[in-house]
């Protein structure tokens, strides 16, 4: 029996990458650890699916844009965060990232973004910022605007 879409949930998230083979290997090294299964891998794009996010897709850029580099604080994509179910899970994932020699931006620690917010940040081969965070729900930000 198939599951029906839920209004407002994300169907897919797609990024263009510079080195297709390198990025497929990079993302396929950890997406299965986060519950994703690769469903497509061809010459144009690769896609992994997870019921909570939908599809995560990487694709080659158009030829005329292939030399333009990502800039995190320019208009556009800033970072992508996945949920963890515990601080220990974040720590274990951090050990995996270190073992793979991936570029760590910030080692696991507590942040004041919410009453409980524990995260690790790292980069993909194109400099895209990625995050695994433990943030129990429900929560309300202390910086809530009325």
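Placed from the backbone N, Cα and C atoms, the Cβ positions cover glycine too.
No curator has checked TrEMBL annotations; they are predicted automatically.
According to TrEMBL, the features are:
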type	residues	note
DOMAIN	9-135	domain 'VOC'
Residues of the domain 'VOC' (9-135) by DSSP state, where helix covers H, G and I: 31 helix, 46 strand, 50 coil
Overall pLDDT for the domain 'VOC' (9-135), taken as the rounded mean: 94
